[in-house]
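Colleague: Checked TrEMBL, it gives:
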| type | residues | note |
| --- | --- | --- |
| SIGNAL | 1-37 | signal peptide |
| DOMAIN | 38-140 | domain 'Cystatin LXN-type' |
| DOMAIN | 160-266 | domain 'Cystatin LXN-type' |
| REGION | 263-282 | region 'Disordered' |
Amino acid sequence: MRSRFGTESSRHRCSMGRRTARFGPLLLLLLLPAAWGAGPSRPRELQVSARQAGQAARVALHYLNYRLGSPSALRALGQVRKARLKTIPGIGHKYYLQFTTEDYKSNQNVGTCLATVLYLKRKPRPAVNINCTYTKDQKQIQDNDYNFYKKMRQQTNPIIGKDIPDSYGNIEPSFEPVWALAVAGSSYVMWEKSTENLGYFMAQVKHVKQWISKDDVVDFDYSVMLHEIPTQEMISCHIRIIWTPDHPLKVKYFCLSENQWLESGEGSGTESGSTSGIYNER
Ligand SMILES: *[C@@H]1O[C@H](CO)[C@@H](O)[C@H](O)[C@H]1NC(C)=O
C-alpha cells in the first residue's frame, strides 16, 4: 500500500518539476493544491438513503452473519443512520456506517452496528470491520442453534428438500433452520462477490441434501439462487456448508451466472481479508 502512495507522489513531483522550470513560480502555486488533493481525502457525508450506503451496510451484515455462523441469529439491515465515504487514492473507497439491524425472521429491531467497509481496487472482497449491539436473548439463540444441531445429528435418513421458500413465499417450519443455515453460508459467498455497485440477496434454496457425517458436524449440500442487484440477474450457486454451533462455518462454493461465468472459493472463518472485531453486547 505504501509503495503505491510513493509511486503516485513521486510521479506528481516529477511532472511538476518539468513544468515549473518553464512557467515559473506562479504555476507552482496553481499546481500545489492539485498535488495535495492526491493524498487521502477527508470522509464526506453521504445521504443515508444513498444506494451505496445501504449496499455497504448489507456487505457488513453478510460478513457478520457468516462469521457468527448462527442460523438463529441472522440479521438484516434496518435503517442506515449515518454514512460517510472516504476516497483513498490508489487504494479504494472506505465507508463509515452506523445502522440499525432487524431479526431476519421477525423483522424486529435487534440493535445497532458501527462498521467500516473498504472496497479495494485490487482485491476482490471488501474488508469489513463491524461492532454491534444485540438485544435478542443470547441464551435463547444458543438453545435454538443447539436444538437444531442435535436434531440434525440424530437424523438417520439425510434431510432432502427443494424450493425453500416455495413459490408462495412459504417455508415449512421444520425446514426453517435448514434455510437459515443456507443464508449464513451464502453470506460468505455474497460478501466475497459484493462490490461497491453490485449487491446480493439469497432468493431461494433450490435443493438441499444432508450428508450424514461421522464427525460432530452438520453437513449440507445446497443449490441456491442469489439475486444480484441492480442487474436483477439470478446466479446459481452450489454451496457445501459444514457447521458446528459456536464454531466458524466451513463453506465451499461454485457459482454459475446467466452469462455462464464460473466462480469458486472457500472459507473457514479465518479470512484475513477483514479485521476482526465482532462484538455482541447487550
Ligand atoms: C470495533 O471495536 C474495536 C475494539 O474496540 C475497535 O478497534 C474498532 O475500531 C471498532 N470498529 C468500528 C467499525 O467501530
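Cβ from N, Cα, C; glycine included.
Predicted, not measured: the structure shown is a model, and the values here were computed from it.
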Colleague: Can you give the mean pLDDT for the domain 'Cystatin LXN-type' (38-140), rounded to a whole number?
Modeller: 93
Colleague: In the domain 'Cystatin LXN-type' (38-140), how many residues does DSSP put in helix, strand and coil?
Modeller: 24 helix, 47 strand, 32 coil
